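Engineer: Below are the features I grabbed from TrEMBL:
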TRANSMEM  12-36  transmembrane segment
TRANSMEM  42-62  transmembrane segment
TRANSMEM  92-111  transmembrane segment
TRANSMEM  123-142  transmembrane segment
TRANSMEM  149-169  transmembrane segment
TRANSMEM  181-204  transmembrane segment
TRANSMEM  216-241  transmembrane segment
TRANSMEM  261-286  transmembrane segment
TRANSMEM  306-327  transmembrane segment
TRANSMEM  333-352  transmembrane segment
TRANSMEM  373-391  transmembrane segment
Amino acid sequence: MRRNEGSVWGSAALVAGTTVGAGVLALPAATVSAGFLPSTTALLVAWVIMTASGLFIAELTLNRWVTTGKPGLGLLELFDSLGNPWKTIGSAAYFFLHYAMMVAYIAQGGVNVDFLLPENVSGPVVFAALTSSGLFLASSSIIEQTNNIMVLGVAAAFVAIVAVGANSADWSLLVTQANPSAVLSCFPILLLALVYQNIVPTVVQQLEGDRRKITLALTTGTIIPLIMFIAWNAVVLANVPQGVMDVDPLALLQQDQNMGVLGPLVTTFSTLALLTSIIGFTYGLLDAWTDVLQWRVDQLKPSNKLALFALIYVPPTLLSLFNPAIFFQALDYGGAFGVSTLFLVLPPLLIWQERYQRNTPLATPPLVPGGKVSVAAILSVATVLILQQGVEKFGPLFV
């Protein structure tokens, strides 16, 4: 039999494609108050943290292969050995992050299609109805082909935005506007924009556990989006008039008639990025709910599948109707508490447990250098971020 080992570049492309999602849409709004240079420095720090997180998860996956003999592990399965309450916290963080993203995507998708609809028709309802019915009715092959086309559309729109936006940019704004004190508040969005960890077990399986190839795929696959995000942020922020701090820069570009073709390009990029992202999160929730209900996803009755889609789409649609401007807020909360818990707290805890508290054999040397220092550093950053964001977001409630 022939081996079907995946390539490093194919796996890196999977990581890059997963990372470049709708989170990038919130980057300009999150960083405009801090300015380009301080926020780019913070983005580089966030990239180091999130790359280390992915390598931790890859190490955990490799070690679990040895103890279970099972290569096809899901992300939440890795946390089972932590036991309660951490296992429950991991599941709660998973659902919180996915539903927060669904709220954000449906809200922003509604805004994007609103101009096509009559005055009394709700954009979020139409966007959610079209998206959910398409995913419910279409075959997996049609969904895959459509997604591939939309990913190409995202790439083409991104290149066009950078090319067109560079001609109208005032590059001096990237240097003159700087407020380092606002950097900490933008970290949840920076971390959220760099999320890819849910496909790390797939990458490990594709590369047959080769630690050198896995490390190369994860680092290369995250560097590509990092460069894209820096270019994207530079072009958008350099096209925002000086002094504008309390308005979403993307919304400003979309509504400004003087920007010419740049506004429609931003809307196209935004809509395609939302659609490609919502597909992944829909299937993520579908798999999670079938696990909870102990149903087999490949043997669902039509009535059960319909109930699951209602469970996935109805609550976030109602929340988006309650607050149409919830896009940024949902992403911010998802990054502050969902991403931090799921990807920056639980993996280091489990790494510490496996390396330093158990006597079980390990399948691989550490993928992240630094030993206990690097593990403790990631865990400390996550703890500080969760506490800081908790005080910032919920502190006023207790004053």
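Any Cβ shown, glycine's included, is placed from N, Cα and C.
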Engineer: Same-chain Cβ contacts of the transmembrane segment (92-111) under 8 Å, 6 or more residues past its ends?
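Structural biologist: For the transmembrane segment (92-111), the sequence-distant neighbours (Cβ-Cβ under 8 Å, at least 6 residues beyond its ends) are 22, 25-26, 75-76, 122-128, 131, 270-271, 274-275, 277-278, 281-282, 284-285, 288, 312-313, 315-317, 319-320, 323-328, 330-331, 333-334, 337-339, 341-342, 346.
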Engineer: So, does the transmembrane segment (306-327) come close enough to the transmembrane segment (181-204) to give 3+ Cβ pairs below 8 Å, pairs being at least 6 apart in sequence?
Structural biologist: no
Engineer: Give the nonlocal contacts of the transmembrane segment (306-327) in its own chain as ranges (CB under 8 Å, at least six residues past its ends).
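Structural biologist: Cβ under 8 Å, 6 or more out: 25-26, 99, 102-108, 110-111, 122-125, 128, 131-132, 135-136, 282, 285-286, 289-290, 300.
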Engineer: Could you tell me what the rest of the chain brings near the transmembrane segment (333-352), counting residues at least six beyond its ends with Cβ under 8 Å?
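Structural biologist: Residues packing against the transmembrane segment (333-352) from afar: 23, 49-50, 53, 56-57, 59-60, 75, 78-79, 81-82, 86, 89-90, 93-94, 96-98, 100-101, 104, 187-192, 195, 197, 372, 375-376, 378-379, 381-383, 385-386, 389-390, 393.
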Engineer: Can you work out whether the transmembrane segment (42-62) touches the transmembrane segment (261-286), with the criterion being 3+ CB pairs under 8 Å where the paired residues are 6 or more apart along the chain?
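Structural biologist: The answer is no, given that the two segments have fewer than 3 Cβ pairs within the 8 Å cut-off.
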Engineer: Using a Cβ cut-off of under 8 Å, list the residues of the same chain at least 6 residues beyond the transmembrane segment (261-286) that approach it.
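Structural biologist: Residues 18, 20-25, 95, 98-99, 101-102, 105-106, 108-109, 112-113, 131-132, 135, 143, 147, 150-151, 153-154, 157-158, 160-161, 164-165, 168, 198, 239, 250, 253-255, 297, 308-309, 312.
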Engineer: Other than its close neighbours in sequence, what residues sit by the transmembrane segment (149-169), given a CB gap under 8 Å and a spacing of at least six beyond its ends?
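Structural biologist: Same-chain contacts beyond the flanks: 17, 20, 228, 231-232, 234-236, 238-239, 259-262, 265-266, 268-269, 272-273, 275-276.
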Engineer: When you check the transmembrane segment (12-36) against the transmembrane segment (373-391), do you get at least 3 Cβ pairs under 8 Å, counting only pairs 6 or more apart in sequence?
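Structural biologist: Stretch pair does not touch.
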Engineer: Apart from its near flanks, which chain residues at least 6 from the ends of the transmembrane segment (373-391) lie with a Cβ under 8 angstroms of it?
Structural biologist: 49, 52-53, 56, 184, 187-188, 191, 336-337, 340-341, 344-345, 347-349, 351-352, 355
